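To start, the structure under review is shown below, and the notes come after it.
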Amino acid sequence: MTTNDSWFTEHFQATGSAIGFRITGKLDEVQSPFQKIEIYNSTDWGKLMVIDGALMLTSRDNFLYHEMISHPALFTHTAPKCVVIIGGGDCGTLREVLKHPDIEQVTQCDIDEQVTRMAEKHFPELCTSNNDPRATLLFSDGVAYMTDCPTNSVDVIIVDSTDPVGPAKGLFNRTFYESCFRALKNDGLLVQQSESPLALLELIKEMRHEMSKAGFKAFKTLPFPQPCYPTGWWSVTLSSKQPNANFAFRQTDAQTKPFDTLYYNAHLHHGVLVPPPFIAHALGE
């Protein structure tokens, strides 16, 4: 990461690329026990949240990520009631999950309370569901939370984490996935952000391999645009305990959903289930 008087620039060694945003200044900064969190104001992308030099979200395009990590999984499950979010400290995913009126309980566990406090201060539009009576916000280790989570108690687990480094490294291995597998009901789903399908397919393959070793039987990776992330293209990966899962979704419910979205709809969901040939070939679909 580099900054000067007018630009925030993030360099991506893994992809040999960089991305920049014209800024008007730094609005806030806090050093938590886990990471440094910075907020910048930009000329065209609203506010930026940066953690340890890596851009996490912008006001302008965060809806893409938050909608795609939430709604496909929730409309794929037949009747989700209980959801766990690991990570998700900016609370945008929590907001999207709680748009579903039949959800009864959501527990969000993020290791760093300061991410949520900074989001409440600078991205209040993401935090409109923080006081929903169905929501419980915990600030502790997500790996430990899943280790202690009761068996067969959760319908959907959403792993809304940073990249697999630092505090999030433990969310990308077999041990963590075994805890998720045990906590999910038989028809439960795990969905996790899975990086860029254009540049990091090997990481997605490794994630699926670790999930498979933990017991998951079927997988589907859904790509979507994300301009502020490396390559401008991102993905989430759904995992099922059922060997014959085809990830068909409740299309009528998605078409008649009683809430607004900016990116997700039933037609898009249907299309994203068909991967581009290079992804299908690499992932054996």
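The backbone N, Cα and C atoms fix where each Cβ goes, and this holds for glycine too.
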Of Asp90, Asp132, Asp187, which does Swiss-Prot put in the spermidine site with His66, Asp160, Ser161, Thr162, Asp163? Asp90
Distance, Gln35 (S-methyl-5'-thioadenosine binding site) to Asp163 (spermidine binding site) (CA atoms, angstrom): 13
If I take the Cα of Asp90 (spermidine binding site) as reference, which of the binding-site residues Gln35, Asp110, Gly142 has the closest Cα? Asp110
Here are the binding-site residues: His66, Asp90, Asp141, Asp160. Which has the lowest count of other Cβ atoms within 10 Å? Asp141
Cβ distance under 8 Å to Asp110 (S-methyl-5'-thioadenosine binding site), same chain, sequence separation 6 or more: which residues? Ile86, Gly87, Gly88, Gly89, Thr116, Leu137, Leu138, Phe139, Gly142
Taking the Cα atoms as reference points, how far is Ser161 (spermidine binding site) from Asp141 (S-methyl-5'-thioadenosine binding site) in Å? 12
By a three-class reduction of DSSP, His66 (spermidine binding site) is assigned helix
